[in-house]
């Protein structure tokens, strides 16, 4: 929904169904589990029931943390808004730019996963297909009426299809398994579905009845995704793989909506120029331009990183840093410790078990190490440059 500044503040335009749909689509059901199921089938010796349950349990502390932050600070901008409230202008500027670019750089990577599922490996074809989706998605987020209808329809559609698939082809069979492979599968479900829980925090200032909507948006959508993921994991896998593009197309409007609110909020804070303070062609053109640059770098020039390492960077910029903001804002040491412990366990298992498993390494970790290091370094450097330009030359960012 379009953000408008009025004398009374932000217009509350998101209802309960919108919030439920947005978070559900961000996680995905059919497609969010397709890639984990594909890799798990190659690893073998995976108990899918245990993997999904473990994966879902891993992220419950994050879910609770975001629910508390969203209801306590119903501000647009999500993670950036919490960091801005807790820390200095220098830090929140660097963080905001780095977070935004993390979203920009992730979209071609996720698009490539979908295309590889259809054996489209030509770099130029990948570039063209991913690029063709950008303007379509931006047109969707430009209209609040169209956006609301599409996210609600896509969410309901995914639920209906997921139930139908489970009803027609559910076939539970006990699976012999190893603990290590099942844990790796759990991490895949996290990286593909269960860590994508914080979309509604970026539009919190536009939510009607914030507590009720957040409860349903966070916990009910999470429960629906977890339950249907279990049911569909024991159903017709070929159908699930064929439906994987649904998730990418569902994810893109949500991720671009997040970018628009992030850009807009940074513009309000003078981190970015004021011309981006409204959702208008300027914002849409900025999103399109940066995503096109990312698409060129990753699909034409080959400067890409692996799906798994991209997910870990997402965890760092979205969750680990925000956990410290949560501690400062809420003084809740218990939940803070649980969140960091859960994330630390996942990161440890990712590297310790992942490097030992050739299938997991090939499909999740292997990638351009040099570019990965460069990407880790360059995002905060760009953020620091933006801070210096806006503060020293334009002198608009407060100290």
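In case you wondered, yes, glycine gets a Cβ from its N, Cα and C as well.
Looking at the stretches 183-203, 204-224, the one that Swiss-Prot records under the feature transmembrane segment is 183-203. Through the fold, the transmembrane segment (183-203) approaches residues 1, 14, 19, 22-23, 26-28, 32-36, 39-40, 43, 46, 48, 50-52, 54-56, 58-59, 62-63, 66, 69-70, 76-79, 81, 213-214, 217-218, 222, 225-226, 229, 251, 254, 257-258, 261-262, 307-308, 311, 314-315, 318-319, 346, 349-350, 353-354, 357, 360, 364 of its own chain, all at least 6 residues removed from its boundaries and within a Cβ separation under 8 Å. The list of residues near the transmembrane segment (19-39) in space but at least 6 beyond its ends in sequence, with Cβ under 8 angstroms from a Cβ of it, reads 48, 51-52, 113-114, 117, 151-152, 154-156, 158-159, 161-162, 165, 185, 188-189, 191-194, 196-197, 199-200, 203, 207, 213-214, 216-218, 220-222, 224-225, 228-229, 232-233, 237, 240-241, 243-248, 250-251, 253-255, 257, 307, 359-360, 363-364. Contact between the transmembrane segment (369-389) and the transmembrane segment (46-66) is not supported, since fewer than 3 Cβ pairs fall under 8 Å when only residues 6 or more apart in sequence are counted. Distant neighbours of the transmembrane segment (91-111): 79-80, 83-84, 126, 129-130, 133, 248, 251-252, 255, 258-259, 262-263, 265-266, 269, 271, 287, 290-291, 293-295, 298-299, 304-305, 307, 310, 313-314, 317-318, 321, 375, 379-380, 382-384, 386-387, 390, 397; these residues of the same chain sit at least 6 beyond its ends, with a Cβ under 8 Å from one of its Cβ atoms.
Note: the stretches the transmembrane segment (335-355) and the transmembrane segment (46-66) are in contact (3+ CB pairs below 8 A, sequence gap of 6 or more).
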